[in-house]
Ligand SMILES: *[C@@H]1O[C@H](CO)[C@@H](O)[C@H](O)[C@H]1NC(C)=O
Ligand SMILES: *[C@@H]1O[C@H](CO)[C@@H](O)[C@H](O)[C@H]1NC(C)=O
Ligand SMILES: *[C@@H]1O[C@H](CO)[C@@H](O)[C@H](O)[C@H]1NC(C)=O
Ligand SMILES: *[C@@H]1O[C@H](CO)[C@@H](O)[C@H](O)[C@H]1NC(C)=O
Ligand SMILES: *[C@@H]1O[C@H](CO)[C@@H](O)[C@H](O)[C@H]1NC(C)=O
């Protein structure tokens, strides 16, 4: 549901590389019926896909009664997604690491933090080792890292090669910010979002081909990342663009977006091949993102090479 509009400052090239064999949170939780509600909402919010794409991660899961407590609040699916984001730590915390926190307490960033929608420290979870070997969890407050430690470690559900941990906690964390009403995706105006980032010319190109505009809008629900080239770059490329066939233009524009949400931070940590809106069963219009040294004063961002002819 979230949209990332990123300026092309990263090196983006076409290539076809092997897919890395990932893990599948849906399958892991499917073996544990007591987490079926939590699992269901990871799927309907499309969070499962985001989790599966991460390399080191910890999922704080609650059982069906814990979820029932949250569902009783009748949050919109979008607010619920934010709350679930807060339950995915952007680092590995297996049982051993949880019980041996350096200085007994740590503040860990979550995928809620990565959405950019979490003000102050609200995207962080405070984990504290308590007396008697208990491990407490709480959402950091807006002003400080201190938290009401009201949820506790229960057990490890799964631990994949010391990189991915799925652990049960007693109840969902509470966060007024994550639970606050949030706009539904169709309230996002992509043209406006891109214009704000200096991509007006690119936005106008999208709007000039209705099939492309529709494809972008329809992808927002499942998460979307747009790599929008700045006006200067698009203007320089426009004469060539005008020469392309409609199919060529369509592919090129669709190539500038990936059908899942990635913040800049996520993109930096999870380099590799990703599909684009232009990828289909015949067209290998995948994109590869890689970290690179980049000096804005010497090099200018340019649109990636046309995937088509
Ligand atoms: C993950 O597992 C579920 C259930 O087995 C399956 O429906 C889904 O397609 C899998 N996802 C991926 C990305 O393999
Ligand atoms: C976590 O919260 C507890 C309880 O409010 C607080 O005492 C502790 O200092 C916090 N931890 C960190 C690292 O800020
Ligand atoms: C989005 O914003 C632009 C610029 O303000 C406006 O022209 C357009 O009608 C808006 N689109 C939608 C779907 O609201
Ligand atoms: C556009 O196509 C025409 C005819 O094929 C060619 O002469 C011209 O150089 C092309 N312009 C650009 C900018 O590629
Ligand atoms: C790239 O695109 C092809 C063709 O559409 C697709 O079959 C393949 O799975 C993609 N590869 C990766 C690594 O995403």
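Every residue gets a Cβ built from N, Cα and C, even glycine.
Per TrEMBL, the listed range annotated as region 'Disordered' is 290-309 (candidates: 270-289, 290-309).
Confidence annotation: the domain 'FAS1' (22-161) carries a mean pLDDT of 93 in the model.
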